[in-house]
Amino acid sequence: MGGMVMRFGRRTVLLATALPYTLAWLATALSSSVHMVSATSFFGGMLICCINMTTQVYVTEIAVPEIRGCLSSVLKILSQIGILISFTLGAYLNWYQLALMVAAAPILLFFALFFIPETPSSLLLRGRETEAEDSLQWLRGPDADVRQELATIRTNILASKLSNGTNTGKFKVLLSKRLTRPVLITCGLMFFQRFTGANLFNFYAVKIFKKTLRSMNPHGGAIATSVAQLLASCLSGMLIDNIGRLPLLMISGVMMSIALAGFGSYAYYEEVIRNTTDLTSAEPGSYDWIPLLCVLTFTIAFSLGISPISSLLIGELFPLEYRSTGSALATSFSHLCGFVNVKTAADFQDQIGLYGLFWMYAGISVLCLLFVVLFVPETKGREIDEMDPKYVESLCINR
């Protein structure tokens, strides 16, 4: 749905979804049955997916290459702040009180949108040149000369439209490398992002800590995890435009593999301790630091690399004319993987145990590392297509 409506403007989508998202949370707080909570969660999920996807595309289209990665990390940082606030309030409030608190955030988004412009790329794609020039001038500053950048975007969009118009049929366009390769890369990253255990910690953090922590407060472990996510997102923002996307992705893959394997090994060892009578003399809680360290290491690695970068690449890899469709495909696939992961995690745990589940995630993290090394391109310092002065030449080559 977000992909279909994003062609009418990025800011327009955000304006149209903000207040309905508040209504979804208010309806959740006022729900009188589980079925009503399920219905409000369904509609709220649709709206927040549109907001998240559109926000990432918006940031990509307004930023210059030198700060694009950093700005994308800012999205994750603020997201982690929101999660941290939710975890903290959740320890003291019941579910409907928390829902009322959360309902205020989309209202702030709605009013903030009146102070920012539509993206120049989106406006030029729809032929609104005067508004595009005003938008670009606002974004670059009143003293900046935007004529060259505006001319480049206009020329590239025109060349792209002419190229698509000369292709024989839309089916051939859909099978072109300019669309299929970004789809495969972003969907691959989204698969590994969802199936390496991060969703499990987001949804079942307290339950997992109850199984592995013997004396430490599980809510304290969940809050510590959220703080680690926030700090790692800040670090990612400082590094992503300096050392590049690929090094961070590779570091992330290695650290996640080690942390998940370590957590699985501790879960196996803990199961032996609990079920073996001659080992029950171990002091309760004496080894609680081990699973907490593994979870914090995994959280830092995840938030440092694959979490912000996989979202950033959705905006960077797709050409402008395919950005709405491509972003929708990648984001929809991401949420599909997240749904399957969360729904099957409990079944896998029943069949192979908590330790087997995390060993499986460790193996998937190793495959993620191989995928990154073999298929993911480096986009550090690279202009997105419509802002690249050499785009017309590459378009002729890739036709």
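Using N, Cα and C of the backbone, Cβ positions are placed for all residues, glycine too.
Keep in mind that TrEMBL annotations are predicted by a computer and have not been checked by a curator.
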For TrEMBL, the entry transmembrane segment belongs, out of 2-21, 182-201, to 182-201
As TrEMBL has it, transmembrane segment corresponds, among 71-89, 223-241, to residues 71-89
Averaged over the domain 'Major facilitator superfamily (MFS) profile' (1-380), the pLDDT of the predicted model comes to 83
In the same chain, residues at least 6 away from the ends of the transmembrane segment (289-314) whose Cβ sits under 8 Å of its Cβ atoms read 53, 56-57, 60, 68-69, 72-73, 75-76, 80, 185-186, 189-190, 192-193, 196-198, 201, 209, 212-213, 216, 221, 224-225, 228-233, 235-237, 239-240, 245, 248-256, 258-260, 262-263, 266-267, 270, 326-327, 330-331, 368, 376, 379
